[in-house]
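TrEMBL has this to say about the protein:
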type: ACT_SITE; residues: His108; note: active site, proton donor
type: BINDING; residues: Gly12, Ser13, Asn14; note: N(1)-(5-phospho-beta-D-ribosyl)glycinamide binding site
type: BINDING; residues: Arg64, Met89, Arg90, Leu91, Leu92, Asn106; note: (6R)-10-formyltetrahydrofolate binding site
type: DOMAIN; residues: 4-181; note: domain 'Formyl transferase N-terminal'
type: SITE; residues: Asp144; note: site 'Raises pKa of active site His'
Amino acid sequence: MLTVAVLISGTGSNLRALLDAAAEPEFPARVVVVGADREAEGFAHAEEYGIPTFMVPFAQFASREEWGAELGAQLDVWRPDLVVLSGLMRLLPADLVDAWSPRIINTHPAYLPEFPGAHGVRDALAADVAQTGASVIIVDNGVDSGPILAQERVPVLPGDDEHALHERIKPVERRLLIDVVRRVATGDLDLAAVSASAQL
Ligand code: GRF
């Protein structure tokens, strides 16, 4: 049974989808802890499932590195097989990424390498493209630049604002994320092999 830690900052709708999937008896992974860099709304989903949570408030640390060190210490308590960033709106310091990659993945609401960064949905709208997408990647030390594990196109429709487009993207993100976690858990997806081949 693959153990998963999920890190969030916001509403945690992608977290909720993973929790719902993991509640199915045949799903080969379970979420053991949910962490956040702030008092995230998404904690409510973890509490509903009786899953422990931790908070490492970014604002209480003098540097990203010190924040990352505490975040890493929390993760070390739980020793998950996989860390999932799902709406964590912070870049992780290199020490933390190096300690966990490739067993750390991220969901992003764009068709990477298009529109990386914190405003992928807004940037796609501003670019007036006909389609954007959703991606699941291995976290590396760049900004949404790690090896792509899964991605799918999502149309941009006339009249879309950022919220409407993001809400169309999120269900795709959730489906891709659940499928990636399932494939990692069953061994169908070898993160170390993907990461190594990306470095060739
Ligand atoms: C998701 O689209 C995620 O990819 C992005 O922020 C959104 C988080 O949504 N980083 P939620 O908190 O899971 O609802």
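Using N, Cα and C of the backbone, Cβ positions are placed for all residues, glycine too.
These numbers come from a predicted model, not from an experiment.
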Arg90 ((6R)-10-formyltetrahydrofolate binding site): secondary structure state under DSSP, collapsed to three categories: coil
Binding-site residues close to ligand 1 - of Asn14, Arg90, Leu91, Leu92, Asn106, only those whose C-beta is under 6 Å away: Asn14
Cβ-based isolation winner (fewest other Cβ atoms within 10 Å) among the binding-site residues Asn14, Asn106: Asn106
Cα within 10 Å of Asp144 (site 'Raises pKa of active site His') - qualifying recorded positions among Met89, Arg90, His108: His108
Cβ atoms near Ser13 (N(1)-(5-phospho-beta-D-ribosyl)glycinamide binding site) (within 10 Å, other residues, all chains): 18
Where Ser13 (N(1)-(5-phospho-beta-D-ribosyl)glycinamide binding site) sits in the secondary structure, as DSSP reduces it to three classes: helix
Recorded positions (Arg64, His108), the one with most neighbouring Cβ atoms at 10 Å: His108
Least buried by Cβ count (within 10 Å) of the binding-site residues Met89, Leu91, Leu92: Met89
Close in space, distant in sequence - Arg90 ((6R)-10-formyltetrahydrofolate binding site), Cβ under 8 Å, 6 or more apart: Ser9, Asp37, Phe58, Arg64, Trp67
Rounded Cα-Cα span from Leu92 ((6R)-10-formyltetrahydrofolate binding site) to Ser13 (N(1)-(5-phospho-beta-D-ribosyl)glycinamide binding site), Å: 21
Nearest-integer angstrom distance between the alpha carbons (Cα) of Leu91 ((6R)-10-formyltetrahydrofolate binding site) and His108 (active site, proton donor): 13
